[in-house]
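Asker: Please see the structure below; I have some questions.
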Amino acid sequence: MQAAVVVFPGSNRDRDAVRALTLVMGRAPHTVWHHATELPKADLIVLPGGFSHGDYLRCGAMAAHSPVMREVRAAAERGVPILGVCNGFQILVEAHLLPGALLRNAALKFSCKRVTLKVETSNSPFLRRYNAGEQIVIPSAHGEGNYFAAPDVVKQLEDDDRVAFRYAHSHNGSVKDIAGILSANRRVLGMMPHPEDAIEELTGGTDGKRLFESIVEAVAQ
Amino acid sequence: MTNVFSERAVDLDLAREHNLSVDEYERMLRIVGREPSLTELGIFSAMWSEHCSYKSSRVWLKKLPTTGPRVICGPGENAGVVDIGDGQAVIFKMESHNHPSFIEPYQGAATGVGGILRDVFTMGARPIANMNALRFGDPKHPKTRHLVNGVVAGIGGYGNSVGVPTVGGETEFHAGYNGNILVNAMTVGIANADKIFYSAAAGLGNPVVYVGSKTGRDGIRGAVMASAEFSGDSEAKRPTVQVGDPFTEKLLIEACLELMATDAIVSIQDMGAAGLTSSSVEMADKGGLGMELDLGRVPQRERGMTPYEIMLSESQERMLIILKPGREKLAEAIFHKWELDFAVIGKLTDTGRLVLRMNDKLYCDLPVRPLVDEAPKYERPWEKTPTPAPLDAAYDLPSAPLDVLQKLIATADLASKRWIWEQYDSLVRGDTVWGPGQADAAVVRVDETTSKAVAITTDCTPRYCVADPVQGGRQAVAEAWRNLSAVGALPLAVTDNMNFGNPEKPRIMGQFAGCIEGMAEACIALDFPVVSGNVSLYNETDGEPILPTPAIGGVGLLDDARRAVGLSLRDGLTLLLVGEPGTGHLGRTLYLREIHGKEMGPPPPVDLAAERRTGDFVRGQIQAGHIQASHDVGGGGLLVAIAEMAMASGIGATLALEEKAGLLFGEDQGRYILATNQPDVVTRAAEQAKVPVRRIGQSQGTALKLGAASVEVAALKQANEAWLPALMAGEI
């Protein structure tokens, strides 16, 4: 399996994503600079967390127009699994690969804590090793993770079983406590909390590891 | 005679406006040998400011021990460097941004973080953790909430964005800081021990390169501003505050580390206080060389900037680099990839002079060495702080101990600071083992290939320092050493941030001298050398000084982070009180201040021999795996320390303690609470090590029980957590 982590100027959890993938895949993923007009062959693309372009203008807005995003969009259309975490989720939303928007946290402050998430579905290559309904603890660190979408969009997401995770306790003001969502083909996952930082017992638990194991297993099949 | 252009005549009045004294003005004239130009005056005033020259503190700082078997580089470089084995080094420093943070809290604090990060990655280190030590005025003071809000947002806004976890710190409140808050920021980085970068220029003719952000008119003369008292006009000083851009800093970190992986760099220094002036002068001076710069080539954000403005701007996110000849193209490509400015602005010469030109006009031609070596050095008069009178009464418990406890843990200095640290990303990089509120020191793994970790703490108890600077200085160092030992780490070295009032007042200089004396004693006794630091003086407003605050940043080493212990209690453990039992010392305690409304008496004395014996024992027991939770007995005393362990997990304890104020709330030093499932083993080992140990209870249930009384841990936690959010909501 090959994976690629896209690095934008201002990405800062690219290293965390590389580490998680290396640990689970047994080999390091490619890292791809945002100017790239071609992607290496990859079975998984990760858009990491951080503050691409300093979050200036709007979180993820400029990164969504990076040259590399044309390739990411084409890959998504081919069905290549794509994971966007935190700023990566914001970029996916700005690129219209996922619906909705991420607003400032309801408390108007950056918030870093380990949050309990409820896994809403296991029907995705990213989620097959979880059980729908189980609760996991994942670090969360963002100032603009307040998920918003129009009521009909939220209803569609729910009707299609495309809500991947919800916060078990109200966290940042997200509509219906949504923490992560899937694309219609279930192969694009955007989420605010950081599974890549929940990989090792020593540094905060392993509840995020199964997400990466799931995708490795799915690609292998 | 060199024809140096000046925009205006430089006389004594103008020199005084630049904060130079009559003596300093005359000394400058002797060095220059003619009337200096405006640009030259600006350079002198910056280099000779308290902030850059340490003119009041240098004679005292020499008394601190700065060497040790693991010390690779002590004070004098951008940061201290200490060997941590396996070819790796830890690089760290703490620095103040007090004056700017009071004037403009968000930018002041943000640029404080940015500046200290640059000091560390300048030396070749990847920053792995940030810490901070904050002091604000009375919670009820009308400016306090605004300042807390701005400082915390600024620290978070910068640190979160650059992707360096902020893993801990301390925040206290006291009316003594009403007019001058303290913002001390610390960065810890890791480098290869054989790839450390220094600042001494070398190589005649080598190019001098400017990288990073463009230079603007922000922060001009910031170092001079920070070297004077406030007098109620601080608003007018806003233009001297720098403006930070963490996005550029993040790019600068990556670009510098990428360039450092090549062999292109001779030396490198960040442009911090006094910007291009101090970086160029210090690099040339350390290398014994001269430097010629064409200021027209400096990337500029605004039109029409004068040489004076360019040299004194404190625009952020800029570095000065001496490259090896012929490496310009390689370096330029790296900085352009990261979308940063890159300009060759001059070269090294053998004249020993700083020569500055712009548009073919000569603006400065000064000898470099006297700017540094002949900077004034003052042995300012000082008065010993009078010995405080003993307490005048017994100050017994006014009500049941658990009621006093519940009240005490909801006061300013003991209340949970969760509201603050949840605004900091403490988890980015994925190496945080113990973050804020989890252990006596933060524990951060060096990288994922190892279980080696560094432990980090910041400590100081100003209410002790103001009463007895010598004991207070000792205690600040001892507490840092104790906090590292309490997680099981071997204390390595210290960075200090000396925050004091106006050094021209003998009373303030006496506080400084006393604190240094106590710190030096403790550093020697505990093998805990000072490897870097910063001095911030003139923290006074309208003649009112801050409490003397020698903040200590301590760094320790854990060979195996899996052995580190936090403070969270588990069920079924025996609680041991370890260390000299003390006398039940109530002078200067939080109990005395918060419950009896008195700030008086002597602070608790520190017995350095007992400190060492006890700490070495505790560390040994933790590393042997005998201890499941550990906490030093600090501010608030024994009962507060136990409550903090209980609140961390929700597990309670049944305690066997006499209901005396001194035992329960005294702040006798050098003590730890260890929670263990092997009490007999630990007790026997303590006896052998000649360390006093006493069984004080058993962890169980969900309540703290003392005698017939009990309180639910959840209720304590509620009170402890509620104070700061209530303050910030304007409810206090």
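Heads up, the Cβ atoms here are built off N, Cα and C, so glycines get one too.
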Asker: If TrEMBL says B:SER96, B:HIS97, B:ASN98, B:HIS99, B:GLN242, B:GLU314, B:SER315, B:GLN316, B:SER536 bind substrate, which of B:ARG118, B:ARG297, B:ARG562 does it name for the same site?
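Answerer: Record check against TrEMBL: substrate site with B:SER96, B:HIS97, B:ASN98, B:HIS99, B:GLN242, B:GLU314, B:SER315, B:GLN316, B:SER536, extra candidate from B:ARG118, B:ARG297, B:ARG562 is B:ARG118.
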Asker: Among B:GLY137, B:GLY533, B:GLY543, which residue does TrEMBL annotate as binding ATP at the site that also has B:TYR54, B:LYS93, B:ASP496?
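Answerer: That ATP site, as TrEMBL gives it, pairs B:TYR54, B:LYS93, B:ASP496 with B:GLY533.
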Asker: Tell me the coarse DSSP state (helix, strand, coil) of B:HIS97 (active site, proton acceptor).
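Answerer: For B:HIS97 (active site, proton acceptor) - judged by DSSP and reduced to three states - the answer is coil.
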Asker: Which sequence-distant residues neighbour the domain 'Phosphoribosylformylglycinamidine synthase linker' (B:15-55)? Criterion: at least 6 residues beyond either end, Cβ under 8 Å.
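Answerer: For the domain 'Phosphoribosylformylglycinamidine synthase linker' (B:15-55), the sequence-distant neighbours (Cβ-Cβ under 8 Å, at least 6 residues beyond its ends) are 1, 4-9, 61, 221, 223-224, 226-228, 273-274, 277-278, 281, 306-308, 311-312, 354, 356, 363-364, 366-367, 370-372, 374-378, 503, 535-538.
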Asker: Provide the number of Cβ atoms within 10 Å of the Cβ of B:HIS97 (active site, proton acceptor), excluding the reference atom itself.
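Answerer: Summing over all protein chains shown, B:HIS97 (active site, proton acceptor) has 33 other Cβ atoms within 10 Å.
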Asker: DSSP on B:ASP270 (Mg(2+) 2 binding site), three-state: which is it?
Answerer: strand
Asker: How many Å separate the Cα atoms of B:HIS97 (active site, proton acceptor) and B:HIS51 (active site)?
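Answerer: One finds 11 Å between the Cα atoms of these residues.
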Asker: For B:ASP270 (Mg(2+) 2 binding site), which residues of its chain lie six or more apart in sequence with Cβ-Cβ distance below 8 Å?
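Answerer: Expected: B:ASN78, B:GLY115, B:ARG118, B:ASP119, B:THR122, B:SER279, B:ARG318, B:MET319, B:LEU320.
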Asker: Within the domain 'PurM-like N-terminal' (B:439-557) only, compute the mean pLDDT.
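Answerer: Averaging the confidence scores along the domain 'PurM-like N-terminal' (B:439-557) gives 97.
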Asker: What three-state secondary structure does DSSP assign to B:ASP119 (Mg(2+) 2 binding site)?
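Answerer: In three-state terms, B:ASP119 (Mg(2+) 2 binding site) counts as helix.
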Asker: Among all the protein chains here, how many other CB atoms are within 10 A of the CB of B:HIS51 (active site)?
Answerer: 27
